[in-house]
Amino acid sequence: MCVLGFASLVFGVSGLRAVPSQSLSIWPAASDLPSIRLPRIEAAPMNTAASKTKSNTSCDLDRSQQPAITPRSSHASVTVVPGGAFNGVSGDDQGDGGAVQGSVRPPGSKSLTNRALVCAAFASGTSRLTGSLVSEDTEVMIASLSKVGVKIESLDAGRTLVVEGVTAADSAGDELNGPPIEMFIANSGTTVRFLTAALSAFGGKYRLSGVDRMHERPIGDLVDAISPAIDGSITAVSDGGCPPVEIDAKGWSGRSMSVAGGVSSQYLSGLMMAGPIASKPIELKITGQLVSIPYVRMTAKLMEAFGGQTDWDLEASQAIRVSGSYSACDYAIEPDASAASYFWAAAAVSGGRVTVEGLSEDALQGDVGFVRVLEQMGCEVNATDHSIEVVGGDLHGVDVNMSEISDTVQTLAVVALFADSPTRVRGVAHNRFKETDRIGNLAIELRKLGAQVDEHEDGLTIHPLPAEASSGHGDPVEMETYNDHRMAMSFAVAGLRIPNVRILNPACTGKTYPEFWADLEKLTGRPHHWQGGLTEKGKT
Ligand SMILES: O=C(O)C1=C[C@@H](OP(=O)(O)O)[C@@H](O)[C@H](O)C1
Ligand SMILES: C=C(OP(=O)(O)O)C(=O)O
């Protein structure tokens, strides 16, 4: 049965450079994490007790041993043009230098597109996914699924995907004697984690590899969860339990698995989505605290739309039972809420007013909760059942656990620069394992703007930018993006307020939002300044 539900969700709320060498633990103490029940995100006033973490992970990365971060893919840079009441221009002015005002509809959600692709790929029948994201992360998912025999037709410039699923009968049994099917998953965490689970359940011989950074991002806990249940073998090849992943299997023979939740929720989501592909009910036990919980609820809702069933009571038993099988579905994908955070932040830092269309507070994506943090900081939030508007106000620092909305930490850190008191971000130790170290490298870059930023094991304290720093620097400040789309998009928000913020490798937004720069230009009504030969394709 196809359920197009937008169920309500309670908020819980690379240039070449050696990374600093330090030991890293990523297992936050229970006291530092949100309770397993989804709380509404409450950003407390600053100055609550500092958090503690303990080291207890099989996925520690010895960063002194890591290769250098992937080089920048382009030598271009972009400087967005500041504006707003804070730069001597009335907040009511439109156009050049004015506060950011307007509305925008971001492209489809990466998380929903890649989930819907997996469920549709292993469903009986033909699904139609509308509002899909067209970006690197979805392209590598589509290319990989196509290699398993899934037929995916792209209409409307990729925004509609017609997916003809494969079933267990089509499983790649023949390939078991031949070489593995090679899949390139770039730096897409959702793709490698979802497919590792799904393909091991489906059966066949596969090798999933990506860019250098992907080979530093942990997947060992997922491989460890699958190993005892697999009829065959599964290996994470790189040191510390990181991709490439090699699978040689006839599917899953076990029915119960245990997975650690503290490094990434994508492991659990992957196992959940793989359950119906394994064609028999399974039970998943979560060990330790679970990060990014709203994504797991999103997984359950998405699966439901395609006929997968999940029965879970995280609070009582930390266990999820998965059953059912997938059947084709027409599914409408929400705009991306993490992408929306940059536009809401643009209103916050420029004293403007921005409406994001196509999202409501009932969205499946927990990142819509970002607006409630902005509200705690002093912004006004006006939500309807199809849009969320943020109106800038006087900004105050907050103390907030962002474990549930960790993709918006960089956005919030930039907004925090313009508050009148410090902001403490907690609960995001796992952010060190994303496209780059989103704690350490974020602190390095924000300091370039003149901010005092304290790095903690589980987050950051961002102190307000001194007045002289927010009025700009004579020379451009070059902001490294580490090939991390969210660094680039967040620094664009800083550039809306601070003159001469030059963002390197802007094309890295292509991971989830190739049209970001064009959409921001449209919203601000003023062209950015491009340097260094970025092509029109790169720009848009
Ligand atoms: O399941 C998903 O779609 C995602 C889960 C989150 O990862 P973690 O669970 O690793 O925090 C998030 O950062 C990522 O962008 C998308
Ligand atoms: C962490 C992210 O992506 P992923 O883990 O899917 O690569 C992200 O998009 O911010």
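Just so you know, glycine gets a Cβ as well, placed from its N, Cα and C.
As given in TrEMBL:
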- D407: active site, proton acceptor (ACT_SITE)
- K110, S111, R115, S264, S265, Q266, S292, D407, K434: 3-phosphoshikimate binding site (BINDING)
- K110, G189, R217, Q266, R438, R486, K511: phosphoenolpyruvate binding site (BINDING)
- 48-77: compositional bias 'Polar residues' (COMPBIAS)
- 98-520: domain 'Enolpyruvate transferase' (DOMAIN)
- 47-108: region 'Disordered' (REGION)
Where the criterion is a Cβ under 6 Å from an atom of ligand 1, which of the binding-site residues K110, R115, R217, R486, K511 meet it?
none
Just checking: which of K110, R115, S265, S292, D407 have a Cα that is within 10 Å of the Cα of R486 (phosphoenolpyruvate binding site), counting only these recorded positions?
D407
Of these binding-site residues, R115, R438, R486, K511, which scores lowest on Cβ atoms within 10 Å?
K511
Can you tell me which binding-site residues out of K110, R115, R217, S265, Q266 are within 10 A of D407 (active site, proton acceptor) by Cα, answering none if there aren't any?
none
Near ligand 2, which of the recorded positions D407, K434, R486, K511 have CB less than 6 Å from any of its atoms?
D407, K434, R486
Only counting partners 6 or more residues apart, tell me which same-chain residues put their Cβ under 8 Å from the Cβ of K434 (3-phosphoshikimate binding site).
G189, R217, S406, D484, R486
Taking Cα atoms as reference points, rank the binding-site residues Q266, R438, K511 by distance from R115 (3-phosphoshikimate binding site) and give the first.
Q266
Distance [Cα-Cα, Å, rounded] between S265 (3-phosphoshikimate binding site) and R438 (phosphoenolpyruvate binding site):
17
